[in-house]
Amino acid sequence: MTQPSAAVAACLSAQNSADESTLPSNHPLTESQARETLIQTLEQAADAVVVIDANNCVTLFNASAEALWGYPRADVLGRNVSMLVPRGIRAQHDQYVGANRDTGTNRIVGTSREVVIERIDGTVRWGSMSISKVFTAAGVLYTAFIRDVTNEVKRREERRLLSLAVNETDSAIIVVGPDGRTIYINDGFTRMLGYQLDDMYGKVPSRVVSGRYTDEKTLEYIGERLAARESFRVEILIYDRSGKPLWIQAVVNIVNDEYGTCRNMVGVWTDITNTKMHEVLQQKALNAMAREAPILNVMLLICLEVERIAPEIIASICSVDQDGRLWTLAAPGLPPEYTKAVDGLDAGPDMQACGVGHSGGKLMVFADAPEDSCWAKFKEPARACGLAQAWSHAIRSSDGRVLGKLAFYYRETREPGTLHRRLIDVSLNLCALALEREASKENIRRLAFYDSLTGLPNRGFLIAHTESLLANAARTNNTLAVLFLDLDRFKHVNDSLGHTAGDVLLCEVAQRLKGCLRALDFVGRLSGDEFVVVLSPCDAGEATALCERIMAELQEPVTVGSTTLRPTASVGIAIFPQHGHDMNTLLLHADMAMYQAKSAGRHRFSVFTPELNRVAQDRLKFEMALRAALQADQLQLHYQPQVRLSDGGIYGVEALARWHHPEFGVVPPDRFVPLAEECGFITELDHGILQKACRQLSEWRAANIVIPHVSVNVSPTTFCDRRLPALIAKTLAACGLLPRDLVLEVTENVVLDNASGGLATLKRVHELGVGLSIDDFGTGYSSLSYLHRLPVDELKLDKSFVRELESDEGARALASAVTGIGTSLRLTIVAEGVENDEQRRILQAQGCQVAQGYFFARPMPAAALTAWMQSRAREAACRNRGLGDFDWAAQTDLDQAG
Ligand SMILES: Nc1nc2c(ncn2[C@@H]2O[C@H](COP(=O)(O)OP(=O)(O)OP(=O)(O)O)[C@@H](O)[C@H]2O)c(=O)[nH]1
């Protein structure tokens with residue numbers, strides 16, 4: 001056992017000797033026993049005990065002190081006690097103790113305080129120190145009892161920091177007992193909701209903070225989770241002490257004891273009012289826009305979200321149309337009677353007064369609405385629906401235009417709170433964005449789905465929309481009619497009055513068609529002068545009646561520029577379901593019927609029949625065969641001689657295309673040439689014939705067969721191609737021919753059709769030196785005034801005049817007139833279709849110079865013509881040897897033999 005120091009022993013002895021006389025006689029301990037007991041007690045005390053003498057030197061340093069400081073007592077006993085105090089106060093420590101000794105002012109004795117213990121190893125501990133001052137003969141001693149409170153101090157600091165964290169946070173923290181009643185709230189709770197602990201203590205939190213629009217279902221959910229002792233997280237609208245609504249997110253955790261029994265439930269509530277608006281409202285609306293949701297859905301979503309965030313609001317969004325009228329886009333919370341009553345109300349000049357024109361918004365209490373204000377219109381419907389006031393704002397585009405109106409309605413009169421103002425700001429931006437996007441989408445839609453000239457739906461839209469009408473008709477067992485309408489001779493309007501006039505006419509037609517429609521009917525422009533009217537529902541009888549009405553309407557006079565026109569159209573009708581189940585089939589069949597109406601003379605309608613389909617199929621087959629024949633160069637040329645009537649000599653040959661098809665047999669040009677024209681490969685056909693004819697003439701020249709020129713028929717379409725002169729020049733050069741070796745036969749249309757550029761090409765071809773002949777002269781609308789200015793070399797008298805020559809005086813007079821005109825204009829007249837000598841004779845007598853026809857020779861293949869020419873040459877040789885004049889009859893025999 002460690003021995004107490006001599007100083008302590010002295011001190012104890014001094015004390016005891018001072019009191020010895022006063023010891024009771026029955027005292028159980030002897031002095032030495034008492035001393036020993038005391039010393040052992042101090043030595044074994046759980047607290048550290050340090051005794052210092054009058055010189056402040058340590059005289060007792062028990063085992064606990066050794067453990068607390070880490071110093072062995074041998075290092076401490078007899079040394080100044082300042083070695084045990086913190087370094088910062090060591091230098092002054094003697095002075096402090098001295099002051100206590102000298103002044104007797106007792107600041108430390110009898111109290112207990114926490115002191116820092118700096119241990120030998122440099123670590124720090126805390127001790128709770130109480131000091132006794134002992135007066136002895138040897139002077140004043142001090143005894144310090146130090147309890148190690150390091151852990152307590154740490155715990156206390158932790159608690160301090162914890163409470164700091166809990167109370168200084170923005171979140172509201174609430175702790176309830178197992179019975180769900182509040183036992184603690186932090187300062188944040190008071191700051192957020194205004195309630196003090198007294199307000200909440202012992203109460204169920206949800207009962208205190210819920211209000212009129214708190215969601216009952218969420219409350220139920222909270223109750224269930226708490227009863228089940230399960231942690232959870234919810235978002236809920238609650239009210240603060242003053243009644244202001246706010247959205248919180250509550251995270252509630254269950255705290256169990258070591259036996260798994262619930263001790264507490266701790267809730268951390270965060271105010272999400274602002275984030276709710278931005279994250280939920282903004283995010284949801286933007287997502288919907290990004291997903292291309294329909295505008296009405298976006299508007300509905302904004303209203304619903306606003307009402308969810310602030311249930312006391314009834315939100316409504318209206319658009320303002322071009323006429324300044326309001327139309328409700330979304331108002332899920334407003335009674336339908338109200339929206340019905342205000343829809344279409346003129347927002348025009350009233351808009352400003354109603355606040356729609358003001359960016360700041362306008363608060364209107366319906367009960368106070370002056371009778372002469374625009375609100376008067378809203379007052380009665382609002383009152384009837386229990387609406388007390390409205391707060392309306394203009395929705396403006398980025399360039400300041402008013403696009404619509406956003407209004408918050410309230411069932412009671414109240415000032416809109418901060419939350420409502422923020423909601424207005426966020427919602428206005430979203431509405432403007434959505435409406436502007438809708439406007440640009442509408443613009444794109446118009447460009448994509450509408451014809452820019454007439455504003456009618458275009459082909460794509462027409463087909464898509466009709467498909468939905470068809471689906472509906474199929475569901476409801478209804479019939480539907482598709483009218484394919486093509487204006488008659490519209491090209492003439494363009495050519496004679498100009499394209500702009502044509503456009504004006506197309507627009508007028510579009511308007512008239514629109515004017516004829518019934519509620520569900522639909523009209524679109526397919527292309528050019530083609531329109532489609534869909535009558536729905538409609539049977540064949542109604543379709544023809546409506547078609548007649550449309551045709552009559554179209555025929556009303558229309559003034560384009562200074563010209564009054566009476567437009568007519570040919571119409572084809574196809575009925576659903578008899579004539580097709582889908583729009584493409586119906587359109588095709590209506591087109592066939594229209595084609596039939598055109599062929600039958602125009603300005604009429606025709607209803608589709610299966611027979612038309614067969615005809616069209618045949619036509620298609622025929623067209624494909626012709627294309628194949630062209631590609632495979634299966635079209636042949638026959639040549640018909642043109643004979644000078646003066647001496648029977650060869651004037652030239654006309655190249656005539658022949659097509660012999662294995663299935664169709666010999667197809668005459670008047671069947672396949674118009675088809676090639678319609679199907680768009682007439683130019684290809686003409687070019688082929690031109691090149692083949694030139695090559696043939698070149699071959700004849702090489703074989704010394706004297707043929708002055710070859711005539712080739714060229715369609716008006718080919719003449720519109722400005723590249724024609726270059727192609728001719730190239731072909732002639734390739735064949736080693738001169739321009740005069742070629743004559744192009746064109747119809748009067750090319751000459752008369754100034755607008756299409758045919759006349760210009762004609763002139764350029766003529767400038768090349770190529771001969772030009774007007775074919776079928778006298779059958780078209782010949783304009784004689786043109787004739788003398790045209791660069792033509794010959795006129796071909798149509799065979800219809802020649803056929804009647806012997807029998808019809810009129811025909812003779814006409815032929816004579818044509819011949820006369822030609823002669824006086826120094827043009828060569830070539831009569832076609834001469835079949836007998838009488839016709840030849842009359843023509844010759846009338847002054848016609850050249851003729852062709854069966855009387856002289858049929859059109860024949862090149863080889864046959866070669867033979868024919870050779871035999872004629874032999875004939876001519878005989879005549880030259882003086883064997884007589886040209887014998888027309890012998891020539892005919894020869895031809896027939898050939
Ligand atoms: N002004 C104008 N003309 C157009 C437009 N689109 C096409 N066209 C012309 O419309 C004309 C259509 O002519 P077609 O229907 O083929 O012939 P048509 O003269 O009406 O003769 P039929 O239909 O046989 O009676 C063509 O000349 C096109 O160049 C347009 O937008 N404006």
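Cβ atoms are placed via backbone N, Cα and C, with glycine included.
TrEMBL does not curate its annotations; it predicts them automatically.
Feature annotation from TrEMBL assigns domain 'PAS' to 34-86 (among others). Restricting the average to the domain 'PAS' (34-86) gives a pLDDT of 93.
Summarising the annotation, TrEMBL assigns domain 'PAS' to 158-203 (among others). Within the domain 'PAS' (158-203), the DSSP-based counts of helix, strand and coil residues read 22 helix, 9 strand, 15 coil.
What TrEMBL records for 232-284 is domain 'PAC'. Per DSSP, the secondary structure of the domain 'PAC' (232-284) breaks down as 12 helix, 30 strand, 11 coil.
Broken down with DSSP, the domain 'GGDEF' (478-610) shows 58 helix, 37 strand, 38 coil. TrEMBL lists 478-610 with the feature domain 'GGDEF'.
Taken from TrEMBL, the feature domain 'EAL' applies to 619-873.
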